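J.: Before we start, here is the structure in question, set down as C-alpha cells.
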Amino acid sequence: MSKNLVVIESPNKVKTLQKYLPNDFEIVSTIGHIREMVHKNFGFNEADYSPVWEDWTKSKKKFSSLSFKGNLKGKKLLSKYDIIKSIKEKASKATNIYLATDPDREGEAISWHVYDVLDEKDKSKCQRITFNEITKNAVLDALKNPREIDQSWVQSQFARQILDRMIGFRLSRLLNNYLSAKSAGRVQSVALRFLEEREQEIRSFVPRFWWTLDVLLNPKAEGVREACANRSIPIVLREINPALRAGLKFEEEKSVSGIDFLDEASAKKFGEQLKGVFEVYNIDETKHYSSSPNSAYTTASLQKDAINKLGWSSKKVTLIAQHLYEGVSINGEQTALISYPRTDSTRLSAQFQQSCKEYILNHYGEKYLSNRIVSAKGKKGEKIIQDAHEAIHPTDINITPEMVKNAIKKDEFLLYRLIWIRTVASLMADCKKSHTHIRFINDGNKFYASSKSLVFDGYRKIYEHFENKESNDLYIDLDKIRVGDRFMAKDIKITARQTHPAARYTQASLIEALEKSNIGRPSTYNTMASVNLDRGYASLNKHAFHVTQLGEQVNEELSKHFGKIINKEFTKNMEKSLDEIAENKKNYQEFLRDFWSNFKEEVKLAEGSIQRVKKEKEFVGRDCPSCASPLLYRYTKRGNEKFVGCSNFPNCKYNEFSQNKPNLTLEKLEELCPECNSQLVKRRTKFNPNKTFVGCSNFPRCRYIKKDNAS
C-alpha cells in the first residue's frame, strides 16, 4: 500500500513526475475535470447563486484514459465515475493525499472537486501542492511546503463558469431561435466584435494617393574617401527651392519624411529640373540609442510569435507547449523542458536569473550581461498578474536547443528553441546603435540621407547564433562622407504611394489585441481565436479572418440589444471582478446576483424587439428525384458551403453534394491526431481516388496529415 497519493490532472505527467518521487508515492490522474455543472437552470441555484454539480455516480459516459499523445489500441475507456471511484479507493488506503493539479484557478477548482467527493475520513489527509515546472527541486520543494486549498481561487473559477453559463446559454438560445446561429459567449462574442469592427474599418477606408521622389547618388565622387563603402547612396527630398515651386502640387510632410507630390506630373516636372551636383552642406550630430530585448514569454506573446514565425495555429501552439511542460521522451526518459505554459507574468525567479546569467557569462562574456532585474510586474505595471506565475522559460537553461534537436520531435524542437532563445535574450545587454542625418543641396533643393550603424549587437548575438540569421535592420555606414563632398545622381526614382487600411486580424494579432484590452486569460487564448471559426461566424483566408454574413448578423443583433455586455470595457471589468474574487476582495455570489438581475431584464427586452431573420428560399427549378418535392439551395451548418437539398427535409434527406462527391474516408484508425487528439482516418485524395493518406477525422477544423504515408 502506498502511503502517499498524488493527484494530478494530466496522465502525460505521470512518467516525468514519478522520477522525482520516492517509491511510497502513487500518482493518479483526474484526466481533466471530474465534475461539471448540471444543465438545468444554467447549472446554479438562483436562491444563493451557488453551482449545482452533476451526480458523479451517474456519470457513465466513456472516454479514453489516454493522454493527448499515443495509440488507442489496448487502452481502457473510462468514465468520470470510473475515475472518481478509483481516486476514492486509493485515497482510503493512503496516509497522505497531495492535490497537485495545475497551478492556476482551474487547477485549484479541480483539486477542490477531488476533495469534495472524498469520504469525510479522507478529507483530513488532503494537502494542496503546486509547482510551476516538473523538476526535482520544484517537486520536492512543493512537498515541503503544502498548503490548504485556496477557496478564493475556487470561488473565482465558480463565478467564471456560472457567468459563462448565464451569458452563453441565454444568448445562444436567443440567437438560435431568431438567427439560426450556433452560439454566443462572454468572450467569443467580444472577439467577433473585434473582427467585425476591423471589417467595417476596412470597408469604409478611403485611401490617400501621393508620389515621392528619391535620388540615388553615385558613390564614386571626387573627394569622397574610399567611395563610401562602394555603395550607392539613397537620399530623400526634404525641401523644394521656393523659386522652383511654381506649377508643382505637393505637401510638405517634414515631421514624417519630406515632400509628397499630389500628382505624378508634378513629381516628373521637378525631377527633370534636378541637374548638376549634390553637395553635402551639413552633417547632423550623431544620436545614440539602444533597443532592449523583449521579456520572457507570456502565453499571449508565445502564441503571437509561434503563429507568426512557425506558421502554426493557436491550438497547435497550445498543444506542443503542453507536451514540453508535461515531459517529452529524451533518450527513453521523460523530461519536462519548460515551465507552466499558461501565464500572463514576465517574472523570472532570482535563482533562474542567476543560472541564466552564468550561461551568458560563460558563453558570450561579461559585456553581454544585462544588469536588469526582471520583476513580477506586467507590461508597464498596468495589468494584474494572475496567480503570480513565472514567465514561460526552460526548466534548465543549460539544455540548449541543439542538445535536444535529434532527441525530440521537430515541432517540439522548434517551439523549445523559440522559448529558450527568447528567455536567454531577455537577460542579455541592450543592442546599441547610432543614427546620423547627412544633408545635401542641389540648386537650392534640400535632401537628406540616413546613416545607421550597429555599435554593439547585445542580445541580438544569440538570435544570430542560434537562428543563423542577421538582423532585418538595414545599416548604411556613411562615416566617410564629409561636408563639401560632391556627388552626381545615378538614378531618380518616382514612386506612387497610397495609404492602406488596417490589416485584417490573424490568429496572432487577434490574441494580441484581446490581451492588450485585458480580455480573456492565458487558459482561454487558444479558444478565443478559433471559436468563431467553428461557429461559422468567420473564415480564414491566407491566415486572415473574414467575417461571414452570419457573423455580421450575429454581431449586429448582439451589439444592438446587448451592447452594454458585449463590449471591450464590460469584459475587461468582468475579468477585473474575477481577479478581485480570487484576491478575496469581492463576494462571488453577490457579484453574480447583481449581474443576473440586470442581465435577465436585458434578455426580456431583446426578446420583445429582436427581429427574426427570415431566409428567402432559393429554389433550384427542378424536383427531387426521391420524393418529387421541389429542390432548393441550402447551406451547411457552418454556413460556408452551399449544396442542393430537398425542401421536404427532414422527411426526405436527398442532397446533391453527397451524390456528386465520393466518400473519401476509407477507415478509422486506432491512433490519435497529435495536434487535436481526434481519431486519425485513412482517406482517398480528392483528385486521385486511387491514392490514400492518413489525416485527422476533425477536418476541416484540424488539417493534420501524417507525413510519409501516402500510397
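Heads up, residue numbers simply count up from 1 along the chain you see.
Yeah, the Cβs are placed from backbone N, Cα and C, and that goes for glycine too.
Residues or ranges marked as active site, O-(5'-phospho-DNA)-tyrosine intermediate by Swiss-Prot: Y340. The feature Mg(2+) binding site is assigned by Swiss-Prot to E9, D102, with sequence analysis given as support. The feature domain 'Toprim' is assigned by Swiss-Prot to 3-134, with sequence analysis given as support. Under the heading domain 'Topo IA-type catalytic', Swiss-Prot lists 150-604, citing sequence analysis as support. Under the heading region 'Interaction with DNA', Swiss-Prot lists 183-188, citing sequence analysis as support. Here Swiss-Prot flags H33, R160, D164, R342, R535 as site 'Interaction with DNA'. Feature annotation from Swiss-Prot assigns zinc finger to 624-652, 673-702.
Provide an account of the burial state, proximal residues and distances for the features listed.
T.: The number of other Cβ atoms within 10 Å of the Cβ belonging to Y340 (active site, O-(5'-phospho-DNA)-tyrosine intermediate), over all protein chains shown, comes to 26.
Sequence-distant neighbours of E9 (Mg(2+) binding site) (same chain, six or more apart, CB under 8 Å from its CB) are S29, T30, I31, G32, T101, D102, G107, I110, listed in sequence order.
When pLDDT values are averaged over the region 'Interaction with DNA' (183-188), the model yields 84.
According to DSSP, H33 (site 'Interaction with DNA') sits in a coil region rather than a helix or strand.
Non-local contacts of R160 (site 'Interaction with DNA') by the CB criterion (under 8 A, 6+ apart in sequence, same chain) comprise R105, L578.
Neighbours of D164 (site 'Interaction with DNA'), defined as other CB atoms within 10 A of its CB across all chains, total 17.
Counted within 10 Å of its Cβ, the other Cβ atoms near R342 (site 'Interaction with DNA') come to 25, all protein chains included.
Classification of R535 (site 'Interaction with DNA') by DSSP places it in coil, neither helical nor stranded.
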J.: Which chain-mates of H33 (site 'Interaction with DNA') that are at least 6 residues away have a CB under 8 A from its CB, listed by sequence?
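T.: Same-chain residues close to H33 (site 'Interaction with DNA') (Cβ under 8 Å, separated by 6 or more) are I110, H113.
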J.: Please identify, among the recorded positions D164, Y340, R342, the one with the smallest Cα-Cα distance to R535 (site 'Interaction with DNA').
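T.: Looking at Cα distances from R535 (site 'Interaction with DNA'), the smallest one goes to D164.
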J.: So how many of the residues in the region 'Interaction with DNA' (183-188) end up helix, strand or coil by DSSP?
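T.: The counts are 1 helix, 0 strand, 5 coil.
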J.: Look at each of the recorded positions, D102, R535, and point out the one with the fewest other Cβ atoms around it within 10 Å.
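T.: Candidates: the recorded positions D102, R535. Fewest Cβ atoms within 10 Å: D102.
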